Amino acid sequence: MREILHIQGGQCGNQIGAKFWEVVCAEHGIDSTGRYEGDNVLQLERVNVYYNEASCGRFVPRAVLMDLEPGTMDSLRSGTYGQIFRPDNFVFGQSGAGNNWAKGHYTEGAELIDSVLDVVRKEAENCDCLQGFQVCHSLGGGTGSGMGTLLISKIREEYPDRMMLTFSVFPSPKVSDTVVEPYNATLSVHQLVENADECMVLDNEALYDICFRTLKLTTPSFGDLNHLISATMSGVTCCLRFPGQLNSDLRKLAVNLIPFPRLHFFMVGFAPLTSRGSQQYRALTVPELTQQMWDAKNMMCAADPRHGRYLTASAMFRGKMSTKEVDEQMINVQNKNSSYFVEWIPNNVKSTVCDIPPTGLKMASTFIGNSTSIQEMFRRVSEQFTAMFRRKAFLHWYTGEGMDEMEFTEAESNMNDLVSEYQQYQDATADEDGYEYEDEEEVGEEDA
């Protein structure tokens with residue numbers, strides 16, 4: 001079967017990961033000890049995408065958990081689903097990365113990385129036909145960003161032909177956890193552009209907004225935010241785990257979504273999102289799902305798709321529904337909002353239909369869009385980076401771990417290049433000659 005190896009790193013990654021396994025366990029009818037409690041044969045049919053079956057009939061997640069301090073791991077282990085993971089797959093240090101990318105990437109993380117890679121190899125050898133890796137981490141801290149990107153580049157060396165999918169939590173525009181977030185995020189993006197195949201961009205502020213505005217939660221906790229993320233994560237891989245009329249996998253997703261190799265940062269959304277109280281007053285229909293799924297308020301990162309254009313998009317529907325209706329709705333969206341799609345990629349929305357809905361819903365959909373407006377995220381981080389870097393603020397923490405200022409300059413220019421590439425394709429039209437591009441690029445860079 002096409003297995004996926006799940007890796008979670010740092011506090012944020014481990015908390016998202018924990019929630020994700022709760023969701024996947026519920027979908028496959030597996031209880032917190034790894035026993036199967038479900039009632040539907042389909043739950044077990046391809047359970048080995050995410051689980052290994054142990055000799056005693058228990059299902060063990062194909063998960064590698066890493067962190068540079070024991071805190072989050074301890075609370076994970078004592079939590080409801082703590083007993084389900086294989087004990088050897090917890091890899092942690094004692095010192096912590098202290099929100100310092102250099103510690104995660106070059107010093108503390110580098111000491112721990114070999115033991116993580118051993119676990120990854122063991123898990124990969126357990127697979128019949130490994131499809132790829134999914135990594136949960138944040139880009140603002142030290143471990144998820146520094147050590148996470150180190151692990152991604154090492155895995156890339158060892159498994160160059162396997163898909164590498166990341167769920168990356170970007171620093172939020174208004175809410176900041178640490179002062180050095182812009183540094184950590186820029187250094188991470190520099191790595192992700194080169195070494196990841198697909199990055200799902202998330203950020204806390206957009207998730208707070210969804211909890212606040214749509215779900216009507218007055219004081220959303222990280223648990224609520226992570227629940228949103230895990231619903232999306234489960235939606236991305238549902239076709240691998242359950243039978244469907246139109247299947248897709250990580251590679252098909254990449255082929256359909258990535259027109260240019262560097263532009264692989266996606267916005268994600270999930271529908272239906274309704275507040276707990278008003279759920280019973282609504283019947284779900286494909287048009288309703290589609291409408292909510294394409295809504296800008298539904299995007300889990302703080303960039304507005306209306307400020308850019310979609311290069312490509314993918315919609316994954318789950319539940320019993322007619323593919324004809326799905327196709328009609330997708331064509332409808334493209335026709336009504338044609339100005340928001342680039343005209344030089346015709347039919348740029350791929351749809352997937354999986355027959356089994358998520359737990360507790362009749363139908364649901366997951367949205368993944370490759371929109372040029374994601375540059376807003378990069379631009380914002382880049383501005384904050386430049387403001388601090390110009391004065392060399394906080395740099396001694398990084399140079400003290402052996403980093404060079406040159407690396408910062410490279411990361412900064414790579415990020416700015418990424419922004420101007422998005423801008424260039426946003427402005428491009430179908431009938432231009434190649435010559436005009438070059439002028440445009442120069443203009444674009446001056447604007448930027």
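Backbone N, Cα and C atoms are what each Cβ position is placed from, and that goes for glycine too.
Since the structure is predicted, the reported quantities are computational estimates derived from the model, not experimental observations.
For Gln11, Glu69, Ser138, Gly142, Thr143, Gly144, Asn204, Asn226, the entry in Swiss-Prot reads GTP binding site. According to DSSP, Gly144 (GTP binding site) sits within a helical segment.
As annotated by Swiss-Prot, Mg(2+) binding site applies to Glu69. When secondary structure is read from DSSP and collapsed to three states, Glu69 (GTP binding site) falls in the coil class. Long-range neighbours of Glu69 (GTP binding site) (same chain, six or more residues apart, CB within less than 8 Å of its CB): Phe92, Gly93, Gln94, Ser95, Gly96, Ala97, Thr143.
Residues or ranges marked as region 'Disordered' in Swiss-Prot: 429-448.
The local packing around Gly144 (GTP binding site), expressed as other Cβ atoms within 10 Å of its Cβ over all shown chains, amounts to 32. Counting every protein chain shown, the number of other Cβ atoms lying within 10 Å of the Cβ of Gln11 (GTP binding site) is 23. Packing around Gly142 (GTP binding site) is summarised by its Cβ count: 29 other Cβ atoms lie within 10 angstroms of its Cβ, all protein chains included. In terms of local Cβ density within 10 Å, Thr143 ranks first among the binding-site residues Thr143, Asn204, Asn226.
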